[in-house]
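**Student:** Below, the features straight out of Swiss-Prot:
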type	residues	note
DISULFID	CYS101-CYS112	disulfide bond
DISULFID	CYS130-CYS139	disulfide bond
DISULFID	CYS266-CYS378	disulfide bond
DISULFID	CYS290-CYS338	disulfide bond
DISULFID	CYS514-CYS532	disulfide bond
DISULFID	CYS643-CYS709	disulfide bond
DOMAIN	28-511	domain 'Sema'
CARBOHYD	ASN81	N-linked glycosylation site
CARBOHYD	ASN123	N-linked glycosylation site
CARBOHYD	ASN268	N-linked glycosylation site
CARBOHYD	ASN465	N-linked glycosylation site
CARBOHYD	ASN585	N-linked glycosylation site
CARBOHYD	ASN586	N-linked glycosylation site
REGION	712-751	region 'Disordered'
SIGNAL	1-21	signal peptide
Amino acid sequence: MAVLALHAVFGIFIYFSSVKGSSQPQARVFLTFNELQETKTSEYHRISHSPLDYRILLMDEDQDRIYVGSKDHILSLNINNISQDPLSIFWPASANKVEECKMAGKDPTHGCGNFVRVIQSYNRTHLYVCGSGAFSPVCVYVNRGRRSEEQIFKIDSKCESGKGRCSFNPNVNTVSVMINEELFSGMYIDFMGTDAAIFRSLTKRNAVRTDQHNSKWLSEPIFVDAHVIPDGTDPNDAKIYFFFKERLTDNSGSTKQIHSMIARICPNDTGGQRSLVNKWTTFLKARLVCSVMDEDGTETYFDELEDVFLLETDNPRTTLVYGIFTTSSSIFKGSAVCVYHLSDIQTVFNGPFAHKEGPNHQLIPYQGRIPYPRPGTCPGGAFTPNMRTTKEFPDDVVTFIRNHPLMYNPIYPIHKRPLIIRIGTDYKYTKIAVDRVNAADGRCHVLFLGTDQGTVQKVVVLPTNFSASGELILEELEVFQSNSPITTMKISSKKQQLYVSSEEGVTQVPLHRCRIYGTACADCCLARDPYCAWDGNSCSRFYPTGKRRSRRQDVRHGNPLTQCRGFNLKAYRNAAETVQYGVKNNTTFLECTPKSPQASIKWLLQKDNDRRKEVKLSERIIATEQGLLIRSVQDSDRGLYHCIATENNFKQTLAKINFKVLDTEMVAYMTDKWSPWTWASSVRALQFHPKDFVGAFSHSEMQMINQYCKDSRQQGQRREEPQKMRGDYSKLKALINSRKSRNRRNQLPAS
């Protein structure tokens with residue numbers, strides 16, 4: 001197994017190197033939590049300094065509220081500003097249940113509380129809310145009022161049992177959707193956490209669930225998300241899709257593998273008449289694959305589904321399903337984003353069923369007769385208009401579903417490869433939200449990716465018909481003070497806001513902060529943020545309906561040469577010359593930090609008005625991310641250094657450093673005295689005076705020497721009484737005279 005795992009790791013590294021390059025991409029801008037607060041573009045809300053495990057469970061853009069569940073609290077926050085007018089309900093578990101929970105050996109802090117895990121809109125005035133209830137789930141109706149201005153938020157009913165609606169264990173995911181005042185949940189239905197089910201409750205009809213203790217249906221699932229998706233024009237054909245991962249035993253029966261899955265059911269399923277009574281008769285599932293293919297055809301999987309986001313369109317069949325996947329390997333840490341066409345998912349569910357056959361129980365396509373109506377078809381829909389309920393399904397249809405719930409073909413992503421891969425990083429992706437943005441040169445998708453380190457990456461994905469490569473990390477935001485993992489994330493394209501939660505609180509950030517990219521047109525253009533454009537004065541929000549003549553944006557190429565003419569581009573590409581000194585045989589550092597980590601740096605050296613030549617790097621001359629380190633400085637190192645940054649084929653000079661080398665002997669004499677200028681009195685005893693130094697060193701050079709002497713004496717040297725200058729005075733005089741003669745040769749002749 002270890003050999004196979006290592007082979008998988010090498011396969012991913014080979015794939016990643018060939019497709020994306022060897023280095024991991026970096027964000028153009030990184031903002032810490034404090035820096036984000038200083039921009040005054042974010043809001044943060046919490047009700048306690050203690051972590052309360054916040055989860056954003058419902059966003060209602062019609063009432064301008066987002067609803068958050070946490071330990072013992074239900075929160076209603078203003079969608080425009082979560083810090084303004086927050087409403088909360090304190091809803092703890094009963095004291096008896098908390099005590100029973102502790103006596104059962106459950107965690108008093110992270111288990112024996114009422115962790116709110118279900119908030120669904122029941123009708124226009126009420127929410128239906130469920131919590132873990134200290135391992136005894138409970139549910140209530142909450143009155144939120146008809147309009148948000150009413151500021152109504154209160155529990156409006158007695159507690160009722162939440163069994164079959166919310167998991168007992170708050171650390172086990174519960175997913176749910178509400179349709180016509182009926183609740184559909186994916187959770188564990190028992191105290192011990194052994195009976196997983198997809199359950200319909202809160203219904204005037206009979207309750208329905210998955211077949212109990214049938215590993216063909218569910219095998220130790222961890223539920224991730226649930227969505228209602230139309231299937232054609234007939235509303236009776238709509239399906240509820242449940243996304244989860246489960247542990248499956250391999251054919252040998254000895255090893256359990258994790259597979260990511262999609263299951264679907266018909267909301268109007270009422271179970272079978274004689275078989276599968278009060279069980280789903282339309283339950284089907286298929287494997288969801290996110291993998292990379294090695295050169296030898298070996299497939300390596302990102303097998304653990306973490307989150308799902310549906311990017312809807314006017315046509316439901318063109319809906320895109322984005323998924324976050326991570327590796328289950330203990331050898332390395334990796335995550336990926338895969339994207340699926342809904343039409344491809346539906347094609348798999350309309351394809352062959354899986355069937356186990358032979359002594360090794362290998363999966364093969366089912367070759368027998370498929371009963372009518374096709375298993376998985378909803379009653380009363382386009383294909384079964386005369387069947388009002390699943391109880392009218394023939395027995396062979398129900399029996400087939402019980403024994404063949406799995407589809408043979410897996411569901412592959414677009415192009416059969418991940419959109420984004422991260423390996424060898426100190427983080428994993430945990431959550432995803434996606435926005436569709438109209439830029440000046442086309443439509444693109446912007447991904448907001450939450451990590452287990454409490455940050456959010458903003459990534460733009462360029463369409464494949466663009467000449468540029470697929471992804472760019474525009475920003476990385478530290479949305480929480482601690483490194484607590486992102487637990488939920490909601491996006492509002494209407495409000496242009498992103499809402500993020502972790503165990504410590506909820507943060508709201510806008511989808512764009514255009515001014516952080518810089519104050520020049522080139523900075524704005526190089527950022528390639530589809531939300532932003534240069535308006536002639538600053539980098540600001542881009543509106544596709546505005547006048548394009550005055551808006552400069554180039555997401556496709558990010559080329560300032562074509563977009564920023566007339567905006568002081570020549571001055572921007574140059575840098576003012578500075579002077580820096582180094583001492584022979586010592587180490588010096590020429591500082592040059594690029595504005596973007598996505599830029600590459602090249603150092604050029606120009607000597608005595610000669611042509612610029614690229615600096616040859618060696619063990620003595622080392623390029624770092626912050627500049628150029630020169631060890632054991634030599635006379636040959638003097639000259640004019642140019643630090644050139646290249647980003648997206650756009651070159652600019654970040655620094656011009658006129659590097660001058662001081663003679664070691666001269667500095668040694670000068671650093672011998674306590675006062676930086678007392679050496680002059682000793683020099684007066686010779687045949688020359690301090691004025692002789694005017695020709696040897698310029699005013700700036702003397703200032704540099706003075707500072708160097710001061711710094712040298714502060715490095716732990718013991719203070720000494722002034723004494724006569726030691727050393728060979730004749731050697732010092734010869735050194736100064738030679739320096740004066742060199743300077744005279746470089747001076748212009750008198751006119």
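Don't overthink the numbers, they just go from 1 along the chain as shown.
Keep in mind that glycine also has a Cβ here, set from the backbone N, Cα and C atoms.
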**Student:** Per-residue pLDDT averaged over the domain 'Sema' (28-511) comes to what?
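**Tutor:** Summarising the domain 'Sema' (28-511) by its mean pLDDT gives 93.
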**Student:** If I take the alpha carbons of CYS514 (disulfide bond) and CYS101 (disulfide bond), what is the distance between them in whole Å?
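**Tutor:** It is 50 Å, counting Cα to Cα.
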**Student:** Have a look around CYS514 (disulfide bond) and count the other CB atoms within 10 A of its CB, chains all included.
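**Tutor:** Step by step: centre on the Cβ of CYS514 (disulfide bond), count other Cβ atoms within 10 Å, giving 20.
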**Student:** I'd like the number of other C-beta atoms within 10 A of the C-beta of CYS139 (disulfide bond), please.
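**Tutor:** Summing over all protein chains shown, CYS139 (disulfide bond) has 21 other Cβ atoms within 10 Å.
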**Student:** If you skip the near sequence neighbours and keep only those at least six away, which residues in the chain come within under 8 angstroms of CYS643 (disulfide bond), Cβ to Cβ?
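**Tutor:** Expected: ALA575, LEU590, CYS592, ILE601, LYS602, TRP603, GLY627, LEU628, THR653, LEU654, ALA655, LYS656, ILE657.
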**Student:** Out of CYS101, CYS112, CYS130, CYS266, CYS338, give me whichever of these disulfide-bonded residues has the highest number of other Cβ atoms within 10 Å.
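**Tutor:** That would be CYS130, with the most Cβ atoms nearby.
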**Student:** Which ones in the same chain are close to ASN586 (N-linked glycosylation site), with CB under 8 Å and 6+ residues apart in sequence?
**Tutor:** SER632, VAL633, THR664
**Student:** Quick one: of the disulfide-bonded residues CYS139, CYS290, CYS338, which has its CA closest to the CA of ASN268 (N-linked glycosylation site)?
**Tutor:** CYS139
**Student:** Work out the three-state DSSP category of ASN123 (N-linked glycosylation site).
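**Tutor:** DSSP call for ASN123 (N-linked glycosylation site): coil, neither helix nor strand.
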**Student:** Among all protein chains shown, how many Cβ atoms are found within 10 Å of the Cβ of ASN585 (N-linked glycosylation site), not counting that one?
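**Tutor:** ASN585 (N-linked glycosylation site) is surrounded by 11 other Cβ atoms within 10 Å.
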**Student:** Measure from the CA atom of ASN585 (N-linked glycosylation site) to the CA atom of CYS290 (disulfide bond) and give the result in Å, rounded to a whole number.
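**Tutor:** For CYS290 (disulfide bond) versus ASN585 (N-linked glycosylation site), the Cα atoms are 56 Å apart.
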**Student:** At the level of the C-alpha atoms, what whole-angstrom distance separates ASN585 (N-linked glycosylation site) and CYS532 (disulfide bond)?
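**Tutor:** Answer for this pair: 49 Å between alpha carbons.
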**Student:** Going by Cα-Cα distance, pick out whichever of the recorded positions ASN81, ASN123, CYS139, CYS532 is nearest to CYS266 (disulfide bond).
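**Tutor:** That would be ASN123, nearest by Cα distance.
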